[in-house]
Amino acid sequence: FHEETEAILNAQINAELKAFYYYLSMAAYFGRADVALPGCESFFMQMHHEEHEHALRFVNYVKMRGGCVNLCNVKQPTDQDWKCPLHAFKTALELEIEVSDKLVAVNVVAEKHGDLNASDFIVTGFMEDQMKSVNEMGRFVAVLSGIGDQALSRFMFDKDLLE
């Protein structure tokens, strides 16, 4: 288990935890009584749990390979007033692209060191789902960009997320 592979896997854990933290912030915001968008709250809470699961899978993988898990500080979101679903989903799209780029970087390092096991872990365990997440967030951004920030449109979008 090459130390460079171990280091970049630890960086991936941090990227997953960053997304986990951002999604929790989004869920908490949309669940507030004065915001009251339960569909967005539920969606982002689900994403929060998914990113937590991903981080744990990476932690367990590093341990299984005999490596050391080195957690880093997770910075709070710079802006926790998500204002509207469009703002949150644009940020979510950026997060998913960032996580995707980091997964590709992990795979490049694994391949560089001939680590077929780590490469397979990334490619079969994460890449397809990650591309689906990027696509889904992109679609939500497109829909929200088209409907604007009208209350009825927001309500209908949120209702659709719950179903």
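Placement of Cβ uses the backbone N, Cα and C atoms for every residue, glycine included.
With DSSP states grouped into helix (H, G, I), strand (E, B) and coil, the domain 'Ferritin-like diiron' (1-148) comes out at 115 helix, 0 strand, 33 coil. Annotated domain 'Ferritin-like diiron' per TrEMBL: 1-148, in sequence order.
Cβ neighbours within 10 Å of Gln130 (Fe cation binding site), excluding its own Cβ and spanning all shown chains: 20. Annotated Fe cation binding site per TrEMBL: Glu16, Glu51, His54, Glu96, Gln130, in sequence order.
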Neighbouring C-beta atoms (10 Å sphere around the C-beta of His54 (Fe cation binding site)): 23
Sequence-distant neighbours of Glu16 (Fe cation binding site) in its chain (C-beta under 8 A, six or more apart): Glu51, His52, His54, Ala55, Phe58, Val99
